[in-house]
Amino acid sequence: MSEKYVVTWDMLQIHARTMAKLLLPAEQWKGIIAVSRGGLVPGALLARELGIRHVDTVCIASYDHDNQRDLNVLKRAEADGEGFIVVDDLVDTGVTAKAIREMYPKAHFVTIFAKPAGRPLVDDYIIDIPQNTWIEQPWDMGVVFVSPLAGK
(Lines of atoms letter the chains of each structure in order from A and count residues from 1; the text may use other names and numbers.)
(Lines give C-alpha, C1' and ligand atoms only; values in the text may rest on other atoms or scores of the structure.)
Protein backbone atom coordinates (compact mmCIF):
# COMPACT_ATOMS: atom_id res chain seq x y z
CA MET A 1 0.00 0.00 0.00
CA SER A 2 1.45 3.32 -1.00
CA GLU A 3 -0.64 5.69 1.14
CA LYS A 4 -1.66 5.68 4.81
CA TYR A 5 -4.80 7.07 6.42
CA VAL A 6 -4.45 7.54 10.18
CA VAL A 7 -7.62 7.25 12.27
CA THR A 8 -7.74 8.75 15.77
CA TRP A 9 -10.00 7.59 18.59
CA ASP A 10 -11.98 10.83 18.29
CA MET A 11 -12.47 10.37 14.54
CA LEU A 12 -13.60 6.78 15.02
CA GLN A 13 -16.18 7.77 17.63
CA ILE A 14 -17.53 10.57 15.42
CA HIS A 15 -17.82 8.18 12.45
CA ALA A 16 -19.52 5.51 14.59
CA ARG A 17 -22.07 8.05 15.86
CA THR A 18 -22.74 9.09 12.25
CA MET A 19 -23.31 5.43 11.38
CA ALA A 20 -25.62 4.98 14.37
CA LYS A 21 -27.80 7.84 13.11
CA LEU A 22 -28.23 5.97 9.81
CA LEU A 23 -29.35 2.87 11.73
CA LEU A 24 -32.15 4.52 13.69
CA PRO A 25 -34.71 3.60 14.88
CA ALA A 26 -32.83 1.20 17.14
CA GLU A 27 -35.92 -0.91 17.85
CA GLN A 28 -35.68 -2.52 14.41
CA TRP A 29 -32.51 -4.41 15.44
CA LYS A 30 -32.27 -7.65 17.41
CA GLY A 31 -28.55 -7.20 17.93
CA ILE A 32 -25.09 -6.62 16.53
CA ILE A 33 -22.60 -9.10 15.13
CA ALA A 34 -19.11 -7.60 15.23
CA VAL A 35 -16.46 -8.97 12.88
CA SER A 36 -13.40 -9.73 15.00
CA ARG A 37 -11.13 -7.92 15.34
CA GLY A 38 -11.71 -4.82 13.24
CA GLY A 39 -15.42 -4.60 13.98
CA LEU A 40 -15.13 -5.00 17.76
CA VAL A 41 -14.58 -1.33 18.63
CA PRO A 42 -17.07 0.04 16.07
CA GLY A 43 -19.51 -2.63 17.26
CA ALA A 44 -19.16 -1.52 20.88
CA LEU A 45 -19.69 2.11 19.87
CA LEU A 46 -22.79 1.25 17.83
CA ALA A 47 -24.16 -0.88 20.68
CA ARG A 48 -23.78 2.06 23.04
CA GLU A 49 -25.33 4.62 20.70
CA LEU A 50 -28.26 2.38 19.76
CA GLY A 51 -28.82 0.93 23.24
CA ILE A 52 -28.31 -2.61 21.95
CA ARG A 53 -27.30 -5.22 24.55
CA HIS A 54 -27.24 -8.33 22.33
CA VAL A 55 -23.74 -8.30 20.82
CA ASP A 56 -22.10 -11.36 19.26
CA THR A 57 -19.01 -11.93 17.15
CA VAL A 58 -17.92 -13.66 14.01
CA CYS A 59 -14.19 -14.30 14.23
CA ILE A 60 -12.40 -14.21 10.88
CA ALA A 61 -8.66 -14.08 10.35
CA SER A 62 -7.61 -12.55 7.03
CA TYR A 63 -4.77 -10.10 7.84
CA ASP A 64 -1.39 -10.18 9.53
CA HIS A 65 -0.93 -6.44 10.15
CA ASP A 66 -0.81 -5.18 6.54
CA ASN A 67 -0.67 -8.48 4.63
CA GLN A 68 -3.91 -10.09 3.49
CA ARG A 69 -3.90 -13.87 3.57
CA ASP A 70 -6.38 -16.74 3.25
CA LEU A 71 -9.70 -16.35 5.04
CA ASN A 72 -10.13 -18.48 8.16
CA VAL A 73 -13.47 -18.50 10.04
CA LEU A 74 -12.60 -19.23 13.68
CA LYS A 75 -16.08 -18.69 15.20
CA ARG A 76 -19.45 -17.59 13.89
CA ALA A 77 -22.64 -16.28 15.41
CA GLU A 78 -25.46 -18.73 14.77
CA ALA A 79 -28.09 -16.89 12.75
CA ASP A 80 -28.94 -15.92 9.19
CA GLY A 81 -28.57 -12.28 10.17
CA GLU A 82 -32.21 -11.26 10.04
CA GLY A 83 -32.67 -8.24 12.30
CA PHE A 84 -28.94 -7.97 12.96
CA ILE A 85 -26.34 -5.37 12.10
CA VAL A 86 -23.03 -6.90 11.07
CA VAL A 87 -20.23 -4.38 11.57
CA ASP A 88 -16.59 -4.30 10.50
CA ASP A 89 -14.15 -1.42 10.48
CA LEU A 90 -13.54 -1.56 6.74
CA VAL A 91 -14.40 -3.28 3.50
CA ASP A 92 -11.26 -3.60 1.36
CA THR A 93 -11.00 -6.16 -1.44
CA GLY A 94 -14.36 -7.70 -0.57
CA VAL A 95 -13.03 -11.17 0.34
CA THR A 96 -14.18 -10.97 3.97
CA ALA A 97 -17.36 -9.13 2.99
CA LYS A 98 -18.35 -11.90 0.55
CA ALA A 99 -17.91 -14.50 3.30
CA ILE A 100 -20.00 -12.36 5.67
CA ARG A 101 -22.75 -12.02 3.04
CA GLU A 102 -22.81 -15.81 2.60
CA MET A 103 -22.97 -16.44 6.36
CA TYR A 104 -25.52 -13.71 7.12
CA PRO A 105 -27.56 -13.09 3.95
CA LYS A 106 -30.35 -11.26 5.80
CA ALA A 107 -28.11 -9.00 7.91
CA HIS A 108 -27.58 -5.28 7.44
CA PHE A 109 -23.82 -5.06 6.80
CA VAL A 110 -22.05 -1.81 7.71
CA THR A 111 -18.48 -0.56 7.84
CA ILE A 112 -16.93 2.72 8.85
CA PHE A 113 -14.53 2.78 5.88
CA ALA A 114 -15.01 1.46 2.34
CA LYS A 115 -12.60 0.99 -0.53
CA PRO A 116 -13.89 0.82 -4.13
CA ALA A 117 -13.45 -2.95 -4.62
CA GLY A 118 -15.60 -3.83 -1.61
CA ARG A 119 -18.03 -0.91 -1.53
CA PRO A 120 -20.89 -2.71 -3.39
CA LEU A 121 -20.92 -5.44 -0.71
CA VAL A 122 -21.95 -3.24 2.23
CA ASP A 123 -25.32 -1.67 2.95
CA ASP A 124 -23.92 1.44 4.63
CA TYR A 125 -20.51 3.00 5.19
CA ILE A 126 -19.26 6.42 6.24
CA ILE A 127 -15.88 7.22 4.66
CA ASP A 128 -14.54 6.50 1.15
CA ILE A 129 -10.89 5.38 1.11
CA PRO A 130 -8.76 4.91 -2.04
CA GLN A 131 -7.97 1.27 -2.81
CA ASN A 132 -4.19 1.70 -2.43
CA THR A 133 -4.44 3.22 1.06
CA TRP A 134 -3.64 1.41 4.31
CA ILE A 135 -5.78 2.45 7.28
CA GLU A 136 -3.96 2.81 10.61
CA GLN A 137 -6.62 2.19 13.25
CA PRO A 138 -6.20 3.74 16.70
CA TRP A 139 -6.02 0.35 18.42
CA ASP A 140 -2.91 -0.46 16.34
CA MET A 141 -1.04 2.66 17.44
CA GLY A 142 0.35 4.03 20.67
CA VAL A 143 0.44 7.57 21.90
CA VAL A 144 4.01 8.72 22.41
CA PHE A 145 5.78 11.88 23.42
CA VAL A 146 7.20 13.87 20.51
CA SER A 147 9.96 16.36 21.26
CA PRO A 148 9.31 19.97 20.23
CA LEU A 149 11.03 21.03 17.02
CA ALA A 150 12.94 23.72 18.90
CA GLY A 151 13.29 21.51 21.97
CA LYS A 152 16.20 21.32 24.36
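Each Cβ is built from the backbone N, Cα and C atoms, and glycine gets one as well.
Swiss-Prot annotations:
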BINDING   ARG37, GLY38, ARG69, ASP88, ASP89, LEU90, VAL91, ASP92, THR93, GLY94, VAL95, THR96  5-phospho-alpha-D-ribose 1-diphosphate binding site
BINDING   ARG69, ASP92, THR93, GLY94, VAL95, THR96, TRP134, ILE135  GMP binding site
BINDING   ASP89  Mg(2+) binding site
BINDING   ASP92, ILE135  xanthine binding site
BINDING   ASP92, ILE135  guanine binding site
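Cα spacing between ASP92 (GMP binding site) and ARG37 (5-phospho-alpha-D-ribose 1-diphosphate binding site): 15 Å, rounded to the nearest whole number. Compared over the binding-site residues THR93, THR96, the count of CB atoms lying within 10 A of a residue's CB peaks at THR96.
Separating the Cα atoms of ARG37 (5-phospho-alpha-D-ribose 1-diphosphate binding site) and THR96 (GMP binding site) is a whole-number distance of 12 Å. Its Cβ placed at the centre, ARG37 (5-phospho-alpha-D-ribose 1-diphosphate binding site) has 17 other Cβ atoms within 10 Å. Within 10 Å of the C-beta atom of ILE135 (GMP binding site) sit 21 other C-beta atoms, taking all shown protein chains into account. Taking each of the binding-site residues VAL91, VAL95 in turn and counting other Cβ atoms within 10 Å of its Cβ gives the largest count for VAL91. Listed in sequence order, GLY38, GLY39, VAL41, PRO42, THR111, ILE112, PHE113, ILE135, GLN137 are the same-chain residues six or more apart from ASP89 (5-phospho-alpha-D-ribose 1-diphosphate binding site) with CB atoms under 8 A from its CB.
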